[in-house]
Amino acid sequence: MAADISESGGHDCRGDQRSNTKLDADYPLRVLYCGVCSLPTEYCEYMPDVAKCRQWLEKNFPNEFAKLTVENSPKQEAGISEGQGTAGEEEEKKKQKRGGRGQIKQKKKTVPQKVTIAKIPRAKKKYVTRVCGLATFEIDLKEAQRFFAQKFSCGASVTGEDEIIIQGDFTDDIIDVIQEKWPEVDDDSIEDLGEVKK
């Protein structure tokens with residue numbers, strides 16, 4: 001019954017998937033999966049790390065890599081030189097493509113690991129304590145803010161990129177509390193700036 005449909009339904013069924021099948025293909029199909037992104041090799045170009053996928057394919061399956069590069073070569077324009085092409089590829093990598101994960105961001109370790117504590121006057125005899133630099137030790141600021149608010153029974157908020165404001169003067173106690181909670185922050189990396197104007 002299935003043979004009758006496939007023989008007669010070639011022109012009449014426009015939406016039928018069977019009319020698009022390759023006649024010379026052997027079923028079941030054998031699909032080559034990439035060792036880097038675990039997708040079929042045809043889809044590697046849509047992943048953010050295309051270069052790694054191509055290196056893997058070239059190393060493990062050079063004949064498939066040759067087919068892939070021959071198929072993609074007519075798409076490239078003849079007028080673009082090597083230098084211009086690589087700059088365009090770098091810019092294209094930065095932008096997230098539809099459906100992909102986007103560029104994987106590298107963490108920067110150039111910032112010195114130092115926690116600074118300052119007492120800032122507010123109104124009359126009221127003060128706030130500013131703690132900066134906890135993010136350089138890869139401490140979650142939201143978690144630290146909740147911890148300080150609970151520990152000192154006061155309001156605390158994350159205000160800047162790497163800044164926590166605690167309502168009240170806790171400069172004496174906070175150094176011990178930080179070292180107790182996060183032992184990776186040693187005594188040498190904590191600096192008390194004293195009273196600082198905003």
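Quick reminder: no glycine exception, Cβ is built from N, Cα and C everywhere.
The annotation compositional bias 'Basic and acidic residues' is assigned in Swiss-Prot to 9-20.
Among the features that Swiss-Prot reports, compositional bias 'Basic residues' is placed at 95-110.
With DSSP states grouped into helix (H, G, I), strand (E, B) and coil, the domain 'SUI1' (115-182) comes out at 27 helix, 23 strand, 18 coil. Feature annotation from Swiss-Prot assigns domain 'SUI1' to 115-182.
The N-acetylalanine annotation in Swiss-Prot covers A2, and the record cites similarity to another entry as its basis.
Annotation comment: Swiss-Prot describes S73 (among others) as phosphoserine, evidence class similarity to another entry.
Taken from Swiss-Prot, the feature phosphothreonine applies to T86, supported by similarity to another entry.
The annotation phosphoserine is assigned in Swiss-Prot to S189 (among others) on the grounds of similarity to another entry. Under the DSSP three-state reduction, S189 (phosphoserine) is assigned to helix.
Residues or ranges marked as region 'Disordered' in Swiss-Prot: 1-20 (among others).
The region 'Disordered' annotation in Swiss-Prot covers 72-110 (among others).
Over all protein chains present, the Cβ of S189 (phosphoserine) has 17 other Cβ atoms lying within 10 Å. Averaged across the domain 'SUI1' (115-182), pLDDT in this predicted model comes to 89.
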